[in-house]
Amino acid sequence: MLELVVISTLNGVLFGMLLFLMASGLTVIFSMLGVLNFAHASFYMLGAFFGFQISRWFGFWPALLVAPILAGIIGAGVERFGLRQVHRNGHVAELLFTFGLAFAIEEVVQIIWGKSPVDFRVPSSLDFPAFTIFSTNYPAYKMFMLLVSVAIFLALLVVLKRTRVGMIVQAALTHPHMVGHLGHNVGRIFMMVFGVGTALAAVAGVIAGPALVTQSNMAGLLGPILFVVVVVGGLGSLPGAFIASLLIGLVQTFAVSMNGSLSEVFGPLSPAYASTWLSDIWNVTVAQIAPIMPYVLLVLILALRPMGLLGTRET
Amino acid sequence: MRKLMMAAAFALPMLGGAAMAQDTLKIGYIDPLSGGGASVGEIGLKTFQFLADEVNAKGGILGKKVEIVPLDNKTNPQESLIQAQKAIDSGVRYITQGNGSSVAGALTDFITKYNERNPGKEVLYFNYAAVDPVLTNEKCSFSHFRWDANSDIKMEALTNYMKGTPSIKKIYLINQDYSFGESVRTAARAMLKTKRPDIEIVGDEKHPLLKVTDFAPYIAKIKASGADSVITGNWGQDFALLLKAAADSGLKVNWYTYYAGGTGGPTAIKQGNLNDQVFQVAEGYANIDNKSSMAFEKALRDKYGFSLFYPRAVNEMRMFALAAEKAKSLEPVKVAAALEGMDYEVFNGGKGFMRKDDHQFFQPIYIAQFGELKNKEPFDEEKTGWGWKGVAKIDADKTVLPTTCKMTRP
């Protein structure tokens, strides 16, 4: 039992940190620009495919550096030539634009790399078990994922809260005209922020690509859950996203490890329901509904605390 | 001039289409070509194209060239029906599909209804891999033929083998949460109970189909249960990722599987160093000592670089050609009548027959083990240096299970 708890905690933290890596870019973009970027998971996918292609040519480490930069440049371009034009027509237009962009990116990825999974491997320098707990090995690569996520969280916090750049960026959102009058190019600031946000997603993509599956539907698989993370954490709150990611990672992992169902909890009563239409609900185990747990959490949060765990404003 | 070109641009493809329809025999291939099932769907497609080439090299079926029409269903029943309708509209009278019993269930309903409403324009459905027993029992249909052994037949063979393996004490079941996974786990429980009542089932897991990206939490659970063996019907991405997670965490158990040979499976087994610990029940494997099947295997590998995962597809295509020639017609109803009860020497040797009662094909079933090749078996898998070695063969007549099918024939 202890073994399962420890290992599930580790697995949950690992998955949570990966979620955070993806959600951080989304939440940064939202808190700075006020744009909910539906195509965010697509940049994560672009990161994975760029990473795959570059690691084919130059190895994994250059890929980890170059792929996010490429994705960031594309992201900046999207802001400069797409979002900025659409912005005039309001938030709904922006949402629809990013929504469409997600499909366009998926289509392009399918044209270039095909629809089946590509063979993106863990670099051999990290392909060994890091340590063993209760006879379960922990791959070094997963530890590396954890470290990168933590490092990025800290770096982002410092940049946004402690540096001049962070101050200007925050001011540009609330008082764009004032920042403009002070001589800063507000348009460029927005473009940079969007580029950095998408580059963060791409970092997650390069890192997650070898550990999970790199294929053209990976954005669709992880996209919805990102929104759960940013909403539960509080729209625009970086520490909130961090906590929410861990929470969701742990909830999902622990739910998988639980076999309990209503019929077990109310054991003696269950035969009475065995043959009724209730029996399906009665016998569903917690493990079976693990994949929908994050969405249950989302509904609960929206009902009880609409601004999210650490959100500051009601949206 | 411009108008003329426009007209030509519109008219040419149509003319081409009409001409094609007369010259070729189109087989609609409806399977996942994107998403989590894509890796198996692509391999199936290429296998059928290879088989079509083989038939065409011999002059086609009744003089018509066979053309495989790929249709992507994303492992989604609803999408499959749209693709089926699209195929039928473009003149397809034969549809083949395999991945996903949920898809197969929807397709067989759809085609049966279509045939009732469109007499004279019937469509046949050749199922090469969807193994839910329901398809040849309650849901059986005159328009549906299945070349793969259904999951009960496979489980019967697998449990017969496990019966004689006393080292199995604790078994963990992990399956995809849909009709096929459900039938694997119920059959496993029922058959183990009668054949080996001493075996303890320490886990019975269902997980969402082709949605899980990391199986580490499930592996932790298997480990915690103390199981020595796992039975799984997982296929495609779900099998490869399950084994990958097991390899990462160093889980050492025996695996009794339906589809360990699918893309990524062999690589994951090698990575986990599970020498001789993974078993697969199927109607064939590469190293069966048979001249013609080995030659076929080699030709396929030379052309596409993957191994034959669907020996049953070969049986399907060759039997189709034979049936059409026997019926001297490509009319689906006549071909179906010729297929019913047909005896056939299967691709890798041994007798098989298409049971008339439920359109289930019976053939020898093999249990093979994956690991180092010791006796100079010629074929490895996915360049791992490891390959399949036979541990048991069950003849067709010993795999026959009763059916509850009550078929209405035209």
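From the backbone N, Cα and C atoms, a Cβ is placed for every residue, glycine too.
Keep in mind that TrEMBL annotations are predicted by a computer and have not been checked by a curator.
The structure displayed is predicted, hence computed values, not measured ones.
According to TrEMBL, the feature transmembrane segment maps to A:12-39, A:59-83, A:95-113, A:140-160, A:189-212, A:218-235, A:242-261, A:281-304.
Contact between the transmembrane segment (A:218-235) and the transmembrane segment (A:281-304) is present: at least three CB pairs lie under 8 Å, with pairs separated by 6 or more positions in sequence. Comparing A:95-113, A:189-212, A:242-261 for CB pairs under 8 angstroms to the transmembrane segment (A:140-160), the maximum falls on A:189-212. Panel annotation: around the transmembrane segment (A:95-113), residues 35-43, 45-46, 49, 52-53, 78, 82-83, 86, 216-217, 219-220, 223 of the same chain, lying at least six beyond its termini, place a Cβ under 8 Å from a Cβ of the stretch. Simply put, out of A:12-39, A:59-83, A:242-261, A:59-83 has the most Cβ pairs sitting under 8 Å from the transmembrane segment (A:189-212).
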